[in-house]
């Protein structure tokens, strides 16, 4: 009797270079959160964030591998290529953040007071967290758009930059809510409006690409994205000028960190973080604008 199970399974999903990278992601992710949960331990918001990153990435990667291995992704009403490319970039950013945060806050060279066994588990978890980041970065490298290749938008440089821009905006929002005193001036409130507007539109662009609904829009999506990116550059230029002036000029703020400012709850520190990442996002939008004029959008890959 002729086998009927073979054609329904896609072995390339686990044997191709991208498939192998995903299997390594599952292995490294499982090892990381298992070591932490067993003996390494975690606490406070930083530890909870790291555990969320490792479990979330493991769950979604397992879902992706399962869908590709069984061809179930063809039943989903989304652009699978855009979804996997967007998640790989997001997982890369999240995993590298966790790989930095966990050893920074939980790893120490000495055994006191946590004990040598706990210390060793935390060091091992940190090593696997670093390997997890490398595995996700490898997937981004393998699936990124090559010159002259027809591929999904999220696999292009412009699409990947959209994920990075949104991630950087989240860092800015985190600093804003940490006693940044942004409501003190109308000018700094304008900067917050810029960050919020650009973040929302960027997320909408990613969502439309992932759902594969670009062809259903009544306006030219690709042209609108380029126009929006130009607008985002101009808005971030205004924020990059206004925020430092109203935070670090002696007339409005403080050019130096106040001596009596508490560590971890200092508005000046938050303002500095926001200023740095404002320039980072400005650079990302400029690079995005340069690349977005050279690509063609494909909505159903």
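Just so it is clear, glycine is given a Cβ too, placed from its N, Cα and C backbone atoms.
Per TrEMBL, these features apply:
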DOMAIN    13-148  domain 'MARVEL'
TRANSMEM  20-37  transmembrane segment
TRANSMEM  44-65  transmembrane segment
TRANSMEM  85-109  transmembrane segment
TRANSMEM  121-141  transmembrane segment
DOMAIN    153-297  domain 'MARVEL'
TRANSMEM  153-178  transmembrane segment
TRANSMEM  190-219  transmembrane segment
TRANSMEM  225-248  transmembrane segment
TRANSMEM  272-291  transmembrane segment
Tally of DSSP helical, extended and coil residues in the domain 'MARVEL' (13-148): 113 helix, 0 strand, 23 coil
Mean predicted confidence [pLDDT] for the domain 'MARVEL' (13-148): 94
